[in-house]
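Okay, these came from Swiss-Prot:
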BINDING   Tyr89, Arg90, Leu91, Gln96, Ala113, Lys114, Thr115, Gly116, Ser117, Gly118, Lys119, Thr120  ATP binding site
COMPBIAS  21-41  compositional bias 'Basic residues'
COMPBIAS  564-575  compositional bias 'Basic and acidic residues'
COMPBIAS  577-593  compositional bias 'Acidic residues'
COMPBIAS  603-613  compositional bias 'Polar residues'
COMPBIAS  727-741  compositional bias 'Basic and acidic residues'
COMPBIAS  742-751  compositional bias 'Basic residues'
COMPBIAS  752-771  compositional bias 'Basic and acidic residues'
COMPBIAS  772-790  compositional bias 'Acidic residues'
COMPBIAS  812-821  compositional bias 'Basic and acidic residues'
DOMAIN    100-274  domain 'Helicase ATP-binding'
MOD_RES   Lys555  N6-acetyllysine
REGION    1-43  region 'Disordered'
REGION    562-631  region 'Disordered'
REGION    703-850  region 'Disordered'
MOTIF     69-97  motif 'Q motif'
Amino acid sequence: MGKTANSPGSGARPDPVRSFNRWKKKHSHRQNKKKQLRKQLKKPEWQVERESISRLMQNYEKINVNEITRFSDFPLSKKTLKGLQEAQYRLVTEIQKQTIGLALQGKDVLGAAKTGSGKTLAFLVPVLEALYRLQWTSTDGLGVLIISPTRELAYQTFEVLRKVGKNHDFSAGLIIGGKDLKHEAERINNINILVCTPGRLLQHMDETVSFHATDLQMLVLDEADRILDMGFADTMNAVIENLPKKRQTLLFSATQTKSVKDLARLSLKNPEYVWVHEKAKYSTPATLEQNYIVCELQQKISVLYSFLRSHLKKKSIVFFSSCKEVQYLYRVFCRLRPGVSILALHGRQQQMRRMEVYNEFVRKRAAVLFATDIAARGLDFPAVNWVLQFDCPEDANTYIHRAGRTARYKEDGEALLILLPSEKAMVQQLLQKKVPVKEIKINPEKLIDVQKKLESILAQDQDLKERAQRCFVSYVRSVYLMKDKEVFDVSKLPIPEYALSLGLAVAPRVRFLQKMQKQPTKELVRSQADKVIEPRAPSLTNDEVEEFRAYFNEKMSILQKGGKRLEGTEHRQDNDTGNEEQEEEEDDEEEMEEKLAKAKGSQAPSLPNTSEAQKIKEVPTQFLDRDEEEEDADFLKVKRHNVFGLDLKDEKTLQKKEPSKSSIKKKMTKVAEAKKVMKRNFKVNKKITFTDEGELVQQWPQMQKSAIKDAEEDDDTGGINLHKAKERLQEEDKFDKEEYRKKIKAKHREKRLKEREARREANKRQAKAKDEEEAFLDWSDDDDDDDDGFDPSTLPDPDKYRSSEDSDSEDMENKISDTKKKQGMKKRSNSEVEDVGPTSHNRKKARWDTLEPLDTGLSLAEDEELVLHLLRSQS
C-alpha cells in the first residue's frame, strides 16, 4: 500500500484546519468532563445557606459589645445587611448595641432607653434573623408577633420593617382597627410577621376560625409599660392565653416596667434587663431644652394662640387630655387663622383620616399638630421643633413620652409645659424622674386675648357652641378622673372663668361635679353627729337624759339649717339614701338591744323612762306634730356602745323579716298608668292652621276610632291578650268592609252625576250654537257691467219647482241636523249645497253620479243666493 500525500513520510505539511478541529474537539470534551465533575462536587443552595447560618450562630457567642460600632460588626445575614444599607442605617445606637446580641442568642430582653434612641431597629433586626435561621416560609404561618399600643405606632413599625426586610422572603402584615376585618381574615394565615394592636388581634383570635399562633417563635411588645397597663390588662391577658409558652419575648419602652406581676404574666425566663441610661444624669435627651410656665386656666387658650403666632415657621405638636378638646380647638383655631397650617389627630377619627393626617404632618416643614396621647408614644415625626403640653400629663412617664417627640437621635428640640397654679406639684415629680425643667415667665406684651373673638364665633355657629360645651365637660371630667389628687384638684378650677375663655356665656351643667360638691357637706354633718352622739357613761339618769335631749335638739336644728333633711322625707338622692338607711339600721339595733336587755331582766341604760318612750312609739306618726316628730327622731338617734356584746346577726335577721313599705306597694304597669291618664280626660294642646281662603288644614290623618267598645278597659294586667285582640280585629274588619263599600258607592254616584252634568252642558252649548249659526256668502264679481248688484227679476219662477222640492227639503233638514250633532256643529261645505236636488226617498241607495245636474242658467253665486232664498221661505 502506497503512502498518501499528507503522510509524514511523504514530506508534505499537515493540514492546520484539520489539526485545529481535532484539538478543539479534544479540548471541549475535556472541559465538559470538568464541568460535570464540578457539578457533582458543588453543594445545593439550601445546603450552602444552612452552612452560612451555622457559621453565623457560632459567632453569636463571640459578640463583643465594646467593639461594635456598625451593623456590619454583628454576625447578620447578607439580606439583612443589604436592607439596612439601602435604608441608610449604618451606625448602631447604645440600645441597639446592647440588645441585638442578646436577642440573637435567643434570650428574653427588657430594654429601656431614651426617646428617639432607635428601639425599633433593636427588635426588628433580631426578628428578621430569627426567622432566617429557621428558614421560615409563608406556608409555616405566624412566626413573630409585634404588638403596639396605638395604630400610628404599628403603622410606623410596619413601614420600617418593609424597608429593612425587603430582601427577605418573609410575608408581613399590618392588623389594626379601622380596616376591613374580612379582608384581613383572608390573608392573615399566610403572614409570617404580624404587626398589630391588642384589640384587633384579640378580635381575630375570637372570630377568625383559621387563625392560630401555635407556632409562634417570638413576641415583641413595643411600649411595653403602656401595653401592660390597666387599660390593656384584660385584652393582653386574653391574648397571652392564646400564645405558646415556649417563645422568645422582647419588651422595649422609654419607661420600662419593673413590676414582678407584669413580668410573671408574660412567662419570661431569666430575662436580661438593659437600662441604657439608668445611670445617666437625666432621663431625657441632652439636646432637649425643657421649660414650664404657670398661668391661670382662663388664659391658656390665649397663651396657645400667642405661641403659634410667634412660631409660624416651626413644626410643633400640642398635646391635649381629651378628644373633644382637640375637636373644638382645632375648628376654632382654623377660624382664628393664626398663620400656620393646623392638623388634628385623635382617637375619634376614622383610620384613613388618621393615616392622612400622619403622612401630611410628616411631609410638611411648618405645621401644628393638635393631638391626644395617641401621638405621645413611639411616633417618629421628622424635624419637630416644639412640643407644647397644653394640659398637664397624668404622670412623669407621660411627660417623658410626650416631650420625646422632639430632639430625636441627636437633634435639637424644645418642650414647654403649661401648668395651673394648683398643678405645681407636678414639677417635683418630674425632678424625681430626672427631668430637668425650668420655669419661665410669659411676656404680657406679646399675649393676645382671643376671648371676644371666640364669643363672636360661637354666637354665629350653633354647632361650634355645642362642641365648646362638650369640650368644657370633657376637660373637667378628665381632671376629676385623674388618680393623683395632689396635682389634680377639680375643686380648685375656676369653672365660670374657664367657660368664658372658651367663648361660652354660661358654664354648662356638670352633674358629677355637683354630686362631688355635696359630698364634703355630708361628711362634715356625719362627723359632727358622731361627735355629738358619743355617750358619756354606760348608764344615765333622768336629768342627764333631759340635758342630752335639749342639747341634741339644739345641735340638730343647726345641722338641719345647713342642709340636713329629716328621716321621714322620701325620694332622696343616691348618696342621701345610703346614709338614711344606715341611720335607720342603727335605730333598729338600739331598739333590739333594749328589748333583749329587758328579757334578761336588766334595764336598758339608754332609755330610763321606757314607758314614756313606749307611749311615743305607739302613737301613729301622722298624728304627731312636726316638733314632736323631730324631737322623737333626735332622741332615738342616740348612738350607744354594744355594752352587752350581743350578736348583730339576730338583729339583721329580724330586720329582714319586717316587710318594707316599698315592697308592700303594688307595682304599676305601663298599661295601667296609660289607662289611668286616659280616664282623667286631659285635653292636649292642638295647633290649628287655616289657608288663605279660610279652610282648615289637617296636619295629621284622623285616628280611626274603634267601632267596638272595649269591654275590659279596667283590666290592669300587663301585656296583650292575643285571642281577644284577634276577635276584636275580626269585628272591626266587618265595619271596615262596610265603610269601604259605602265609599265606593259614593264615588261611583259622584262620577255618574258629573257625567250627567257634562252631557247637559254639552246639549246647552249645541242648542245655543244652533240658534246663533248664520251663513254668509260673498257676492260674485263675474259681472263687471252690473254695478248696482243682483237683480231679483232675473230669477226664474220659484213656484215651478215648489211641489217637487217639498219632500226633499224635509230630508235635507234632517240630514243637516244629524251632521251638526256628529261633527260638532261644523258648517257644510259648498259641495253639499250644490248636490241639493230632487232625489229618491231612499238616499242611501241613490247613486249621485247618475243624476243629472239642474241647469238654471245662472252663475254659481246666483244659484247659492237662490238656495238661500228658498230655505228662508220654508222656515
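Cβ coordinates are placed from backbone N, Cα and C, and glycine is handled just like the others.
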Assuming the binding residues for ATP are exactly those in the record, Tyr89, Arg90, Leu91, Gln96, Ala113, Lys114, Thr115, Gly116, Ser117, Gly118, Lys119, Thr120, what is the maximum CA-CA distance in angstrom, rounded?
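Overall maximum Cα spacing for these binding residues reaches 20 Å.
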Using Cβ atoms only, which residues of the same chain lie under 8 Å from Ser117 (ATP binding site) while being at least 6 residues apart in sequence?
Thr93, Glu94, Ile95, Val276, Tyr409
When you measure from the Cβ of Ala113 (ATP binding site), which residues in the chain that are at least 6 apart have a Cβ under 8 Å away?
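Residues satisfying the criterion: Thr93, Glu94, Ile95, Lys119, Phe252, Ala254, Val276, His277.
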Which three-state DSSP class does Thr115 (ATP binding site) fall into?
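Where Thr115 (ATP binding site) sits, the three-state DSSP reduction gives coil.
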Are there any residues in the same chain, six or more apart in sequence, whose C-beta is under 8 angstroms from the C-beta of Tyr89 (ATP binding site), and if so which?
Phe71, Leu121, Val164
Which whole-number mean pLDDT does the model give the domain 'Helicase ATP-binding' (100-274)?
91
Using DSSP with the three-state reduction, classify Tyr89 (ATP binding site) as helix, strand or coil.
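Where Tyr89 (ATP binding site) sits, the three-state DSSP reduction gives coil.
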Please list, in sequence order, the residues in the chain of Thr115 (ATP binding site) that are at least six apart in sequence and whose C-beta is under 8 Å away from its C-beta.
Ala254, Thr284, Pro285, Ile400, His401, Ala403, Gly404, Arg405, Ala407, Arg408
To see if you understand the setup: which same-chain residues, six or more apart in sequence, place their Cβ under 8 Å from that of Leu91 (ATP binding site)?
Thr69, Arg70, Phe71
By DSSP assignment, list the helix, strand and coil residue numbers for the motif 'Q motif' (69-97), in that order.
16 helix, 2 strand, 11 coil
Using a 10 Å cut-off, grab the number of neighbouring Cβ atoms around the Cβ of Lys119 (ATP binding site), all chains included.
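Looking across every protein chain shown, the total is 25.
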